[in-house]
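Sharing the feature lines straight out of TrEMBL:
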| type | residues | note |
| --- | --- | --- |
| REGION | 1-23 | region 'Disordered' |
| DOMAIN | 37-148 | domain 'XLF-like N-terminal' |
| DOMAIN | 153-199 | domain 'XLF-like coiled-coil region' |
| REGION | 252-331 | region 'Disordered' |
| COMPBIAS | 297-311 | compositional bias 'Polar residues' |
| COMPBIAS | 320-331 | compositional bias 'Basic residues' |
Amino acid sequence: AGRGVSSSGRAAPHAGVGRRARMEGSEDLDSSLLTQPWASVCFGESTFIAKACFRETGYVLLISDLSSVWYERADTDVVGKRSKELNKRLTAHVSSFLNRLSNLMCPLLEGRESDANSFSCQQTPSKLTIHVKSELSGLPFYWDFHCAAAAVEMISHHLVRPLIRMSLTLQYQLQELASLLVQKDAEIEDYRESGAALSRGRLRTEPFQEKPFLQKVVDESLPQLCGAGDGQAFTGTLQHLYTAVARQEVRAAQKRRHSGDAETPELASSPQLAERGMDSLVTLGSQQEKVEPPSDLPQSLGATVTPSSPAQRARLPVSKAKRKKAKGLFS
């Protein structure tokens with residue numbers, strides 16, 4: 001009784017199968033969108049950060065000017081209906097429209113532009129419409145992305161939580177690099193006390209001091225970074241770091257679903273860890289608190305991060321127990 005019969009006499013698929021397929025496609029889009037890095041895009045004179053994901057089942061688009069965040073999800077039904085409304089002379093399969101939209105948006109998100117494509121936008125705090133004018137099969141092709149204000153949960157999922165994780169990861173890297181510099185200074189001092197001298201005086205450096213260095217960054221570099229513009233929020237290495245953090249979250253979510261344990265801890269889920277990491281970032285005048293390496297710290301970063309031992313972290317005096325032969329930069 002719950003199944004229909006087609007004109008050929010065979011039972012038609014249950015409606016629940018189609019709904020299940022759409023739900024699975026929706027979950028795949030959500031996971032894929034999370035792992036996409038934010039990119040700087042310009043529409044007219046307006047600069048945004050955006051990410052998008054296109055699949056055969058539809059697309060999702062998330063875009064922000066760092067004052068508001070807008071979002072659109074469109075399945076094949078929406079794409080087909082809107083295409084007919086905007087392109088009355090153009091008849092094509094929905095997959096062709098989705099493929100064309102992907103070819104239009106992806107170059108923008110990768111920093112490439114095309115003169116043949118025209119983008120413009122109209123925005124309000126609650127709505128953002130992006131108008132696209134291009135060609136498909138030699139005929140004019142028009143499209144409108146209708147983005148509504150994103151939910152707070154989505155903003156947290158794609159911006160707030162990843163940024164906290166990135167901050168903690170970068171802080172941990174900074175501590176490891178500072179510890180390594182102190183060890184290098186001790187090694188160089190040992191060479192000097194062994195009678196070694198630099199062959200080129202211009203290579204001589206002063207011993208690294210962490211607090212003055214951090215204060216210099218805040219005083220000199222921070223004003224320049226803050227004046228770079230909102231569209232430069234995610235560039236270069238930060239895009240790779242964001243992707244690594246997002247993939248780690250996707251893996252953690254999949255692991256929780258498979259195990260059925262909703263209480264699995266995540267990086268920076270603990271308020272104490274997040275608070276401790278942020279305090280360490282902003283407190284420069286007092287002794288910085290060490291952030292312990294998270295158990296699920298991403299490994300696919302620009303540099304390999306290896307937790308050091310307590311002995312490596314300590315600021316030890318210069319060792320004078322051994323006399324080493326000069327080498328490297330020393331003669």
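Yeah, the Cβs are placed from backbone N, Cα and C, and that goes for glycine too.
Surface or core, plus neighbours and distances: that's what I need for these features.
As a summary of secondary structure, the domain 'XLF-like N-terminal' (37-148) carries 27 helix, 56 strand, 29 coil according to DSSP.
Residue counts for the domain 'XLF-like coiled-coil region' (153-199) under DSSP, helix first, then strand, then coil, are 41 helix, 1 strand, 5 coil.
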